[in-house]
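Notes follow the structure.
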Amino acid sequence: MTAILERRESENLWGRFCNWITSTENRLYIGWFGVLMIPTLLTATSVFIIAFIAAPPVDIDGIREPVSGSLLYGNNIISGAIIPTSAAIGLHFYPIWEAASVDEWLYNGGPYELIVLHFLLGVACYMGREWELSFRLGMRPWIAVAYSAPVAAATAVFLIYPIGQGSFSDGMPLGISGTFNFMIVFQAEHNILMHPFHMLGVAGVFGGSLFSAMHGSLVTSSLIRETTENESANEGYRFGQEEETYNIVAAHGYFGRLIFQYASFNNSRSLHFFLAAWPVVGIWFTALGISTMAFNLNGFNFNQSVVDSQGRVINTWADIINRANLGMEVMHERNAHNFPLDLAAVEAPSING
């Protein structure tokens, strides 16, 4: 009898815990994905803050030339970063207990791998939590689908690219200047600006900004007057009101006359789907492009391939980009390479005349 009562009490305790985890009445929804999301994101955030402030220099290239990234070692907010794990570690799983000492772990950039892996788990769980809350509330699942775009982008630069290149040292540093360095080196080695998927991503981000500004300005310009001149227009809306707060017919008419009739949406639902889908699809393509370039399927390189009928080279901007790529490749990791890979692969010119 005692055993049965204890089992019921434990079942009741577990049941109450399950109900609390999945309750939509909590001020912040936790969910089963949140059970994993909370500790992983807290770990990533805590280690990031500590390492950004106080981590010692890291031997990123594996050539015994440590690079400083923290504030206490001479950096500021702009130049500081979490330096990627050393090339000497490569793709090895490198938790603290795999190092001979904490000093060795810090020298080899262990915090970067710890932060990145916890962060990727955390944001993936955040996406799952979005779906979970939508499911509990009877909503459609597109919020999580939209969030999959930045998750895919982060996964591409922090995980897929290092896997393709063979080392976490090739991952994106966690800092402002480090991000710019990553972008420049990526262009030098993969010609990303000439990759169609990156072009689609640019169209997605810039187009999304344009469409967002157009939509916001159109709605704001066609509000239904509910206030006097002496009141803020925002006072004319009450949260939860059933009637429309702006005149979509007026907005449609304005935009249709500004450009042409069929450039303007006459359906609010299809309009908002378009506003969500455009940048999401663009960022999906960019993440896919990074993931293919990770394995050296690079952007277009015309390499003086535009010629006239006599076979003479017609110089184009693409050739200027190639020249810039070589310059950037020469300058990065100066002490790790004698020659940039593109130049080293070419036969030495004859000097015998």
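Positions of Cβ are set from backbone N, Cα and C atoms, glycine also.
According to Swiss-Prot, the N-acetylthreonine annotation covers THR2, on the basis of sequence analysis. What Swiss-Prot records for 29-46, 118-133, 142-156, 197-218, 274-288 is transmembrane segment, and it gives sequence analysis as the kind of evidence. Annotation comment: Swiss-Prot describes HIS118 as chlorophyll a ChlzD1 binding site. Annotated pheophytin a binding site per Swiss-Prot: TYR126, in sequence order. Taken from Swiss-Prot, the feature site 'Tyrosine radical intermediate' covers TYR161, and the record attributes it to sequence analysis. For ASP170, GLU189, HIS332, GLU333, ASP342, ALA344, the entry in Swiss-Prot reads [CaMn4O5] cluster binding site, with the evidence type sequence analysis. Residues annotated as site 'Stabilizes free radical intermediate' in Swiss-Prot: HIS190. Under the heading chlorophyll a PD1 binding site, Swiss-Prot lists HIS198, citing sequence analysis as support. Among the features that Swiss-Prot reports, quinone binding site is placed at HIS215, SER264, PHE265, with the record citing sequence analysis. Residues or ranges marked as Fe cation binding site by Swiss-Prot on the basis of sequence analysis: HIS215, HIS272.
Location within the structure of each feature annotated in Swiss-Prot.
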residue	record	Cβ contacts under 8 Å, 6 or more apart
HIS118	chlorophyll a ChlzD1 binding site	THR40, LEU41, THR43, ALA44, VAL47
TYR161	site 'Tyrosine radical intermediate'	ASP170, GLY171, MET172, ILE290, SER291, MET293, ALA294
HIS198	chlorophyll a PD1 binding site	ILE192, THR286, GLY289, GLY299
HIS215	quinone binding site	LEU271, LEU275
SER264	quinone binding site	ALA251, HIS252, GLY253, PHE255, GLY256
HIS272	Fe cation binding site	none
HIS332	[CaMn4O5] cluster binding site	ASN181, ILE184, VAL185, ALA188
GLU333	[CaMn4O5] cluster binding site	ASP61
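Residue with the densest Cβ environment among the binding-site residues ASP170, GLU189: ASP170, by other Cβ atoms within 10 Å. For PHE265 (quinone binding site), the Cβ neighbour count at a 10 Å cut-off comes to 19, with all displayed protein chains included. If one looks beyond the transmembrane segment (118-133) by at least 6 residues along the same chain, the residues whose Cβ comes under 8 Å of a Cβ in the stretch are 24, 29, 31-34, 36-37, 40-41, 43-44, 47, 141, 143-144, 147-148, 150-151, 154-155, 158-159. Among the residues the record lists as binding quinone, namely HIS215, SER264, PHE265, the two farthest apart have Cα atoms separated by 11 Å.
Non-local contacts of TYR126 (pheophytin a binding site) by the CB criterion (under 8 A, 6+ apart in sequence, same chain) comprise PHE33, MET37, LEU41, TYR147.
For HIS190 (site 'Stabilizes free radical intermediate'), the number of other Cβ atoms no farther than 10 Å from its own Cβ, over all displayed protein chains, is 24. A straight line from the CA of PHE265 (quinone binding site) to the CA of HIS190 (site 'Stabilizes free radical intermediate') spans 39 Å.
What surrounds the quinone site, by Cβ distance within 8 Å of the Cβ centroid and not counting HIS215, SER264, PHE265, is the set MET214, LEU218, ALA251, HIS252, PHE255, LEU271 from the same chain.
In this structure, the residue listed as 'pheophytin a binding site' is part of a helix by DSSP.
HIS332 ([CaMn4O5] cluster binding site) falls within neither a helix nor a strand when secondary structure is assigned with DSSP, and so counts as coil.
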